Amino acid sequence: MTTFLPYFVVIMLLVVGLGFFNEKITGLTDEIALMLFSIAVGGILLLYRCFFANADVQLILDDIQRFDLEDYLMDCVLCFMLFAGSCHMKLRDFGRLARPVALLSFLCTLLGAVIYGVAFFLAGKLLSLSFSLAGCLMFGAIVAPTDPIAATSILKKFGLPKDTSFLIESESLFNDGVGVALFVCFSGMVKASENESVLIVMCREVLGAALVGIVVSAICLFVFAHTKNNNRQIFSSLLAVSTAYLLCEHFDFSGAIASVVCGIMYSHFSTSSVDSQIFNGFWGVLDDFLNSVLYVMLGLSFIKVLTMPIVMALSAVAIICNFIGRFSSVGITTLFFKEMPDGYSRLNFSKLLTWAGLKGGLCIALAMSTNSFMSDDSYRIILGGTYGIVFFTTVVQGLTMRKVYEKIQKI
């Protein structure tokens, strides 16, 4: 406890202080502002260390670089963030838009990973990077999923049409589980280990996760429906999502998808509760808190790549390949739609979803997990490229999303 509390105080100081500064001065979207200002804080610490050899500053930088974002996200908060993002979504909307949601979540993610991997492999040949095709496909699986946290917290503020907004949020909530399944397959190829096919892994992770989410939620919802204690209703939701995630980790299912299923089931039943405002209020506050901490930690962790060689050139290549993979995969996927949502043309819908394809903490966590089996050079390439994509999509695309949307609306 003595070591945790000082770090918690520092993080909350940044969350509150930077958030207040943004509210009064800059007026940016909170998540983007927290990331930008945290990067600035990390950069200032790096510059201070360069010009003034200060042991305390060096200690702070060492602590930041030792922080394991992968463990924090995957083992601590991801399930709660996904539940919070999905507990406002309605089952009836899923029934009406089930086909496009499934296509975007599964087919689009698979195509995006493969197209990105091939594009980066070809670019690597031109840049003389010693990167195998399997490694590039694994890299594609890392950056293919769109980030549910960014989608639900940033894009929902821009007034997108209802169906389009629902598709973007639903895709981002489900495709991270698909991305993890693809990552497992392609990383197995990189490690040259015995591995199941992509289809088998995806089916096992997705169907198993859905089953776990439904069963655990049904049990906990019995308590939810038969208690008049508001706090106990909230406790049952915390129990449901954490238990489902833990069981999925044990059985090698997708804990992320199970968390989303739990959120959707609680959303359906909590709306009939007279105290749904209390339930939604709790999860709204928790969602904002976890989002804020994550974006501060993402910003601070950028110092891990700021000193990497050729990080700017590498990031530029990764960003271009990301555009190619995202636009191509969305365009191909829309060919299987029965009708385009909200009256968009296929081209304009592809443009909109390409620019709305924000990446976030899950990509960074997966990239960091490759450290155990990749060479140092390959690990730096993956981590540097992933950070470049996350920064560009969150900050540049996030800040310009409204303008892109308005321009598409005029066409």
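For all residues, glycine too, the Cβ spot is worked out from N, Cα and C.
All TrEMBL annotations are machine predictions without curation.
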Feature transmembrane segment in TrEMBL, mapped to one of the ranges 129-150, 173-194, 283-304: 129-150
Contact set, same chain, for the transmembrane segment (101-123): CB under 8 Å, 6 or more residues outside the stretch: 94, 129, 131, 133, 136-141, 143-145, 167, 170-171, 174-175, 178-179, 182, 186, 198, 202, 206, 317-318, 320-322, 324-326, 328-330, 332-333, 336-337, 353, 385
Range from 129-150, 349-369, 381-401 with most C-beta pairs under 8 A to the transmembrane segment (34-52): 381-401
